[in-house]
C-alpha cells in the first residue's frame, strides 16, 4: 500500500534519535531483552510530564580526565601561553566572568518577570502526551495511515464519536505524527487537538462545611443491623432472611429486599436525620414528585466526576452494576473494551502508587458470578422491573399497557451477557488499551473510587442524584431509586483532562446511561481572547460536538454546570468563546446555574472577594439550588460521612436527579427512557418563574411540577399547564380584551433553518414524528425561548380571537409573537385543534408556559390536550414564522370535550402588570381656584416631503421601515413616537376633535407665529399626551378613533392601531373602536400629611392616573382629521364623547376665564374666595430637598425618582426668589446685579447657614407653573458634568445627565421644543432636579444656551408661579 511506502529513512532517523540514548546507556551485562515498542507502551500509557524522557533521550557522552604524567606539563604550557598573549587571556577571562554572572542573574530574572520559552517548548503546561484525532473516513485510523510509526504510540478509538486517542511516551514522536497527519492526510482530517485541561478540584470546591458527626441518630442501630445481617449471611442464610433476622434482633420494622436490582428500594421506614436540613428538596418540590415516583432502577445516571465512594452506605445500594462483567478476574467479559468495569470506570487512573493498588477490594457482588449466571439474574429480575414500572404508572394515575415491551438492553441492571457492540479496539496487539490492564501501572483502571486527596466532590454529586431514602442515614437524593454509574475522569492532582471526559461520554452512551451529569467546566472563562485562543476554542467546540452529538441522537440528556466564576456567559459568547460543555448548542444539553435559599442567583463574598455562579440570559437554561447543599462524602464507615458544598456543581446533580424522575414516568409504559428533548422541555417549562433571574427560562427548578406534567403527558398525552401566580384581572392596571403582536427579525441562520424544516414538512396535516421532542413542530430548537436576544421592530394589536388571518409584516426572516392571557374558569382537560395550511415547522404554540405537542386527530387535523390543574389565568403565546397562511385555534371546554369552537367572551385578554401613576414631579393640586385639568400636549415634527406610499397599499414595499426624515414610513414609525425623543414643536390644545379641513393645522400652529403655521401645513408626525382617570361609574371603557395613520396607547399598552391605505386628501377616513379596556389598580398616593397640604388652590389632583398617547402621522395635515372619544363598554355610537371628564393630569392647566361663583369655589373644599383668582400671582418657585435616605437607589445610568412631598416629607423647603439665593451678576453692563436673587442661581448653604460645613448629599427639586418656555429649546444645568440632573417641562423630560460611561447620545443634551404654543391661557409645569449635591454647590440653569458661562443668561424666576404651602419646621419663608 502507498501508506506503507513512506520515507523510511526519515522514520528511522526519528526512531533512532529517540531510542539512541536508552540503548547506549544500557548495561552490557544486563540480561534483560531490549525494550520493544509494546513493552514501552505498556510501561507508560498516558504521561503528564516529559521531564524524564526528555532527559534520557539526550544521551550525554561522559568524558573522564584521568591523572597522567603529562598533566603538570599541560598546566605549564598553559601558563606560558597566558604570558605570551596577555590581552587575549584577559579577554577570555572577562568572557568567563560574564558567563558566570549571566548564569546567576538570568534564573533570578526569569523567576521574577518570566522568560519566553523556546518555540518547541510552547505546549500546554503541564504537557500532555496525548492527542485526539478524528477523520471524516470512519474506517481510517492513525495506525493504518502511519504504519511505520504505529509501534511508538497507543491508539484507542471511541465507538460512538469516532474520536481516536493517541498516547505517546516521547514528545518527538508525538510531534512527528501530528506533522505527518497534517501534511499527508489533511483531506480526511476532521480535527486534531492536543489534550487540554478542563477544571480542577480547587475550582469545584469553593465552599464546604463539615456536618456534625452526631447527625446520624440511628448510627448505633444501623451498626447493630449490619452486624446481625453479616452474621446471618455468614451462617448461610439468604440475604432476605438475614435482613429479616437483623430487623427482628434490633426491634426495627420493615423488610429489605435482597435482590440486587431492588437494592435502591431499601427503606426501613426510619427517617433520614439530615433530610430536614436539605433545604433544596423542599425548594424543588421533591415531595410532590415522590408522590408519583422516586425513580426506577431502569434509569441510569452517569456521574462524570472525581470518583464515587463505592462503600458509602447511602450510595452503595444504588450503584449501577454491569451484569455482563465478572469482577476482579482481569478479563473483559462483556467485550466492551474495558476490563472489570463492574460499577463504572476510572479513565484517569491513579498514575501513582496509592491505596487502591494495595490488594483486592471486596466486591459488591459475588466475584464467582459468571456471565451466564448474570444473564439468569437479569431474566429473573425482568419481571420485577416491569412490576416497578407498573407501580409508577399506578402512582401517576396512568393505565398499564396490555403487554410490556422488552426492557432496555443497555440499562445496566437489565444488561444481558452479550458483548457491547462498537468498533474494534485498535492497538499494536489487537487489544484495546484497557485490555492491557496491569495493577499498579499508570493509566486507567476499573476502580472509580476517588483518589486519597480527593475533596469528595464526586461522591457529593452522586449522593445528590440518588442517595438512598428512608434508611435512617444522612439525607436523600433527588431520585433515591435510580442507578448511579460512576465514571471518574480526574487524576490524583485533581485535573480533568478532556480526553478522559470524551472516553466517559462514549462509555456512558454504550453502557446505557440515560442522563449524564457533568459538574465541571473549563479552567476559566476567557473574555479577552487572542486570535490563537479563538482558533483553539473552535477546535474544542468541534471536539465536544463530535462527542456529545451521539448522545443527542440516542436521546441521552447531558446536564452541565454553568460554573462559579461570577461571570455572565453571554459576554463570553459575545467574544466567540465557549464555556464547555455548558454552552454546547445541542438539543440534549441543559446548562444549570446555582440559586440560593431565597430563589435568587447564588452570589456571596468569600475571602474578601465576590464568588458566585455564572449566569446568562441566552446561554444558561435554568437555576437550581446550589448553596450550602448537604450530601454524601467519602468515608464515615457504616454510617457514612456527609458535608455541605456550594456551587453550580451541586445544582447540576439536582437537575440530573430531577431528569431521572421525569424519565422514570415518561418511560414507565414502554421502557423507553431515551427521551432527552422531552425531559428537557418539561424541566425548563415547569420551573417556578423568577422574572429577574438571568437565565434563559427565567425559572428555578420545580421537579414536582415536572413529574406531574410528565404523568399527564404519559397518561392521556395532555400537557400540564402552569398557572400564573397573579390574578391578571385583579392586578392589571390596564386589561385589554385583545391580543398583542410583536414582530421580530430573525438572524439568517435561524431563518434558513426554519425554511429548511418547513420544506421537509411535506404536508401540514400529516403526522409529525416527535420522538419525544417538541422540536419537530417548533420554529426553532429552543421552542418558546427562540426569541431571546431579539428585539421587536414592530407591533400591533388584534381582537380577542385565536383566528389569526392577517399580519402587519410577513417575510422569510420575520416572526410574529401573538401574546395574551387566557382565563380558564374550571379545572380539567381542554382540547385545542389547529387548522392551518402552513407547515408545522413554522409554528410554536405555548399555553400555561408549556409548548404544545400536536397529535394527529381524526380527519388529519392536529389536536392537543391541556390539563388545567386549577382555575385561573394562563399565559398564551403563538410564534409564527413567515406567516403567509392564516391559522385558527379552536377550543373544547371540559363540559363538552369534543365540541370545538371559539373561546367565550372574557376568556382572552392582555394585562399590564405595571402599576400606573402620575409622574412623581407632578404637584398634588392645581394652583388657582377654579382651575381644572384640561387639554392635550401635542408634540410634533414636520416632514420635508409627503410619503410616496401608504402602509397597506399595493405600492408599498413589504418590510420597509425608513426614518421619518425621508417622508416614507410604515407602522413601525408609530412605535418610535414617544415623549423621549426630540420634537421641534409643542402645542397645548383643548381637545382632540378635528374633523373640518384645516382645523388640526390651525390648532397645532396656535400662537407659535408664522413659522408654526408654515410647518403645520404639510406632512408631519407627532403624539398627543394626556393623563386620564378611570370613569366613576365603571372602570370599563372603550375608545373611538378617527384617523388615517395612528395608534392609541393607554398605560403604555397599545390598544388600537389604524393603518389606513387611503390618502386623506382623496379617500374617506376610517373610524374604529378599540377593544374593551378595564382600568385597574394604580400606585395611588395616600392622604397628604398636614405640613404638605396646600394653603389655597384649585382642584385636588389624583395620582391614580393612566398615561394616554395618541400617536399619528399624516401626509397633509391641512386636510387630515383626528378625533379621539370614549364611552363605556358596549355603548352605542351616539354616546361617545370627548375625553374632558376623564382628564386628570397636573402637568399643564388653563387659567379660568372668569372667577367662578363663590358657591362653586367653596364647593372645591379649599375655602378660597373669588377675589383670590383675580389677584395676579407673584413670581415664585417651590424647592424641596431630601436626604439620601429618603431616595430609592437607582441602577447605574438611570436618573433616580425623587419622592412626592405628600408621600415623603422633605428635609428642607424654601421658595424662590429669595434675597439670600444669589449674588451673581445678571446679564448686562458690568456691575449689574439681579434684584433680590430673581435669577435661578442659588446655594442651599446660603439659605441654611448651618449647612455650610456639611457634605451630606441632598436631592433637590424646584418646580413652578410656567407661562413660557426655553428660548430656542436650548438649556443646560450647572454641574451636570458631575451630577445627575433632570429637567421636566409639561409631559417631557427635556434634559438629563448621568455618568458619561452609561449615558446615551441624548445625555447632557437639551431636547426641549424650539417653539411652544400656550394659546388659550395655558401654563405648563417646569421641574428642575439635582441629585446628590452638597449644600455649598451652586445650582443654576442656563436659558437659551448650552454652556454655563456667567456671561450667559440664567433662568429667571419670572412668568412662574408655585402655590404657597403650610410651612414645616425646616421650611424657610
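For all residues, glycine too, the Cβ spot is worked out from N, Cα and C.
Keep in mind that this is a model prediction, so the values were computed, not measured.
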Segment assigned the feature region 'Disordered' in TrEMBL (from 1117-1137, 1138-1158, 1159-1179): 1159-1179
Segment assigned the feature transmembrane segment in TrEMBL (from 46-68, 69-91, 92-114, 115-137): 92-114
Cβ-based isolation winner (fewest other Cβ atoms within 10 Å) among the active-site residues 305, 457, 649: 457
Between residue 457 (active site, charge relay system) and residue 305 (active site, charge relay system): CA-CA distance (Å): 7
Rounded Cα-Cα span from residue 457 (active site, charge relay system) to residue 649 (active site, charge relay system), Å: 8
Average model confidence [pLDDT] within the domain 'Peptidase S8/S53' (298-686): 81
